[in-house]
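Quick one: this structure, given as structure tokens, is what I'll be asking you about.
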Amino acid sequence: MRYLPWLLLWAFLQVWGQSEAQQKNYTFRCLQMSSFANRSWSRTDSVVWLGDLQTHRWSNDSATISFTKPWSQGKLSNQQWEKLQHMFQVYRVSFTRDIQELVKMMSPKEDYPIEIQLSAGCEMYPGNASESFLHVAFQGKYVVRFWGTSWQTVPGAPSWLDLPIKVLNADQGTSATVQMLLNDTCPLFVRGLLEAGKSDLEKQEKPVAWLSSVPSSADGHRQLVCHVSGFYPKPVWVMWMRGDQEQQGTHRGDFLPNADETWYLQATLDVEAGEEAGLACRVKHSSLGGQDIILYWDARQAPVGLIVFIVLIMLVVVGAVVYYIWRRRSAYQDIR
């Protein structure tokens, strides 16, 4: 019992000393896109994401996986990385060959062109807990997953997949390799990435917001647009408000990536002409420290009025100066 206080202190320091990156969930996702136009032409491209950051890419035209971050190798040694990369190189060649054989076997039920997408990786939770996944889509429809120790079709998958799944599950070597990659290699690799990429993963970039409007498809209406850009991480809350009331007609578009790995989002609201008064766009983001951005539509109109006022004042001043000079010249001519 005398060691218990020291054990508790050690545990506390371990938790307290964890970085922010280790105290939130992160999804490590490998995305594979494979196209088969016919029996002699195919290509496979892959990208890898950790949270909102791309860490790797693998073009069909390249024999090796490219790093998109200085820390993309994580804590793996060069030898460990080469071994892992070789495993995927063998997989890519085998995958292409196996799909071509599968199409030959299933013809005429299934024929070219064929599109296959694969999403695999692991979800990392605080405390070193993790959960792996592997999903396969055929012609854009989710059809197969690897669950536990075996391949399974999902509800609604075509019945012709039963035979390939049976063959895959009979290959115990392949199933064991998939389990190892998902349950052991993935969490270990991601922990290294979280440590090596800590500064990038924990960065906070404040959003910039501005307002505009575009014509609406409805007569007598206009569409107000709230633009939000330059923020990281990706989660953000954008809403059109009238006072404290959220405007349920707010439509948020898709997140779009900027070249600097920040994000752009726009929120639109369709309103009747003349009903814009009192509306505001509110933006919440972790980088703002609770100080939300609030842009009032009425305030947007103020600069226009101010510019008109300044122009009118300048015209009056210029007119007065011209009149004064003209009077001076007239008076001078009268003296002469």
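Note that Cβ sites are derived from N, Cα and C of the backbone, with glycine treated the same way.
Per Swiss-Prot, the features are:
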BINDING   ASP98, ASP171, GLN172, GLY173, THR174  D-galactosylceramide binding site
DISULFID  CYS122-CYS186  disulfide bond
DISULFID  CYS226-CYS281  disulfide bond
DOMAIN    207-297  domain 'Ig-like'
CARBOHYD  ASN25  N-linked glycosylation site
CARBOHYD  ASN38  N-linked glycosylation site
CARBOHYD  ASN60  N-linked glycosylation site
CARBOHYD  ASN128  N-linked glycosylation site
CARBOHYD  ASN183  N-linked glycosylation site
MOTIF     332-335  motif 'Internalization signal'
SIGNAL    1-21  signal peptide
TOPO_DOM  327-336  topological domain 'Cytoplasmic'
TRANSMEM  306-326  transmembrane segment
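Could you give the neighbours, burial and distances for every feature on this list?
DSSP assigns ASP171 (D-galactosylceramide binding site) to coil, not to a helix or a strand.
Residues within less than 8 Å, Cβ to Cβ, of CYS122 (disulfide bond) and separated from it by at least 6 positions along the same chain comprise THR27, PHE28, SER130, GLU131, SER132, PHE133, LEU182, CYS186, PRO187, VAL190.
Within the same chain, residues at least six positions away from CYS226 (disulfide bond) with a Cβ under 8 Å of its Cβ are ALA209, TRP210, LEU211, VAL238, TRP240, GLN266, ALA267, THR268, LEU269, CYS281, VAL283, LEU295.
Of all Cβ atoms in the protein chains displayed, 12 besides its own lie within 10 Å of the Cβ of ASN25 (N-linked glycosylation site). ASN25 (N-linked glycosylation site) falls outside any helix or strand according to DSSP and counts as coil.
DSSP gives ASN38 (N-linked glycosylation site) a strand state. Counting every protein chain shown, the number of other Cβ atoms lying within 10 Å of the Cβ of ASN38 (N-linked glycosylation site) is 12.
Taking Cβ-Cβ distances under 8 Å and a sequence gap of 6 or more within the same chain, the neighbours of ASN60 (N-linked glycosylation site) are ARG43, THR44, ASP45.
In this view, ASN128 (N-linked glycosylation site) is surrounded by 9 other Cβ atoms within 10 Å of its Cβ, with every protein chain counted.
When other Cβ atoms within 10 Å of the Cβ of ASN183 (N-linked glycosylation site) are tallied across all protein chains shown, the result is 16.
Averaged over the motif 'Internalization signal' (332-335), the predicted model reaches a pLDDT of 54.
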Comparing the disulfide-bonded residues CYS186, CYS281, which residue's C-beta has the most other C-beta atoms within 10 angstroms in this structure?
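Buried the deepest by this measure is CYS281.
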Calculate the distance in Å between the alpha carbons (Cα) of ASN25 (N-linked glycosylation site) and ASN183 (N-linked glycosylation site), and round it to a whole number.
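ASN183 (N-linked glycosylation site) has its Cα 17 Å from the Cα of ASN25 (N-linked glycosylation site).
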Per DSSP, ASN183 (N-linked glycosylation site) is which: helix, strand or coil?
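Its secondary structure by DSSP: helix.
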By a simple count, how many Cβ atoms lie within 10 Å of the Cβ of THR174 (D-galactosylceramide binding site), its own Cβ left out?
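Excluding its own Cβ, the number within 10 Å is 15.
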